[in-house]
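Working notes for the structure below.
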Ligand code: NDP
């Protein structure tokens, strides 16, 4: 059997991550990367792979099995996913939770009539965390869900800091409150407020001469982003920022804690945890596994938009079902 031919649409953090992930999956090969920028301005980490303009994609119909969409959720994917799904099977990491139903309909309307498979909102949240929440709820109906994020960089909150006047650079870490996590792990099912679950720790490089007290106050009181949390603002130098804050770690825990038995006498706790040095590289690794599933589903003529809930685990694996039964059951 030939290799699964992959294309990447959009070459940012996820695009690079997909390129690396394909190197770890010998049943796949990267055929081309598509960008809205000048292709000549993009240098890939892999030789022998074409870099093309987004508008040249049509020429690759029949030469690429699955396009991995690596555009941003805010504005790119809502346009790109339906556009590309008319020509190719796709996977994407759309993570604007509130708009997923609308996004699903848009992509389904593009993929189904043109006989393509599009797996949407793949990654870790939405993605692996969503699967965990679903399994946990089916298995333990009498229980409570908790999701903690971090310690990790929130792109949205980091962007919000950088928009404050007088801020040259900034990064925000979401940090789960240790005592709250421990309390949940005891199975006591506490009611926790937003503030009790996470703190927000900011590292800010100020413009020379900027009023630090005003910047700190503006950040801490910013509605929707920081006002509902205990927020800590640390002013640091450019050098310290470059040295200590140039990576994108993330992770978190999904916990469901509940009871079974005649009188709910037995506590049952499920925990799924991720500790990621690189959020985009992990997300890309999930996308690549789901690209394999998209390829298999297309071969079965099971067309249209899907979410991670629709994908049987065996479809993610390069191994045969017999080998999976032997190794993992
Ligand atoms: P980036 O900002 O790095 O890239 C987004 C797009 O911006 C790229 O596809 C690229 O498109 C363009 N771009 C990238 N770098 C540059 C540059 N230097 N100059 C101009 N344009 C550039 O975003 P990420 O890759 O970090 O993340 C993409 C999305 O992934 C996020 O919006 C987030 O929603 C989602 N995500 C989902 C997760 C999940 O668990 N489901 C987890 C993590 C992220 P082009 O090449 O066409 O210019």
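Just so you know, glycine gets a Cβ as well, placed from its N, Cα and C.
Note that the structure is a prediction, hence the values are computed from the model and not measured.
Sequence annotations record features per position, and here TrEMBL assigns domain 'Dihydrodipicolinate reductase N-terminal' to 4-68. TrEMBL lists 11-14, 35-37, 70-73, 93-95, 122-126 with the feature NADP(+) binding site. The domain 'Meso-diaminopimelate D-dehydrogenase C-terminal' annotation in TrEMBL covers 123-278. The substrate binding site feature in TrEMBL is assigned to 149, 174, 200, 250, 279.
Taking the features listed in TrEMBL, we show where each one sits on the structure.
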residue: 14; record: NADP(+) binding site; DSSP (3 states): helix
residue: 72; record: NADP(+) binding site; DSSP (3 states): coil
residue: 94; record: NADP(+) binding site; DSSP (3 states): coil
residue: 123; record: NADP(+) binding site; DSSP (3 states): coil
residue: 149; record: substrate binding site; DSSP (3 states): strand
residue: 174; record: substrate binding site; DSSP (3 states): strand
residue: 200; record: substrate binding site; DSSP (3 states): strand
residue: 250; record: substrate binding site; DSSP (3 states): strand
residue: 279; record: substrate binding site; DSSP (3 states): helix
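Residue 149 (substrate binding site) is surrounded by 20 other CB atoms, counting those within 10 A of its CB over all protein chains shown. With all protein chains in the displayed structure included, the most crowded Cβ environment within 10 Å among the binding-site residues 174, 279 is that of 279. Looking at residue 11 (NADP(+) binding site) and residue 149 (substrate binding site), their Cα atoms lie 26 Å from each other. Proximity of the binding-site residues 94, 149, 174, 200, 250 to ligand 1, judged by a Cβ distance under 6 angstroms to any of its atoms, singles out none of them. In the three-state DSSP reading, residue 37 (NADP(+) binding site) counts as coil.
In sequence order, 124, 149, 150, 151, 152, 153, 274, 276, 279, 282 make up the list of same-chain residues 6 or more apart from residue 250 (substrate binding site) whose Cβ falls under 8 Å from its Cβ. Across the fold, the C-alpha of residue 72 (NADP(+) binding site) and the C-alpha of residue 174 (substrate binding site) stand 20 Å from each other. Here the C-alpha separation of residue 14 (NADP(+) binding site) and residue 174 (substrate binding site) works out to 20 Å. Neighbour density for residue 94 (NADP(+) binding site): within 10 A of its CB lie 23 other CB atoms from the protein chains shown. Long-range neighbours of residue 123 (NADP(+) binding site) (same chain, six or more residues apart, CB within less than 8 Å of its CB): 93, 95, 283, 286, 287. For the pair formed by residue 37 (NADP(+) binding site) and residue 174 (substrate binding site), distance between Cα atoms is given as 32 Å, rounded to the nearest Å.
Of all the Cβ atoms in the protein chains shown, 23 others lie within 10 Å of the Cβ of residue 11 (NADP(+) binding site). With all protein chains in the displayed structure included, the most crowded Cβ environment within 10 Å among the binding-site residues 37, 200 is that of 200.
For residue 126 (NADP(+) binding site), the same-chain residues lying six or more positions away in sequence with a CB closer than 8 A to its CB are 94, 95, 97, 100, 307, 308.
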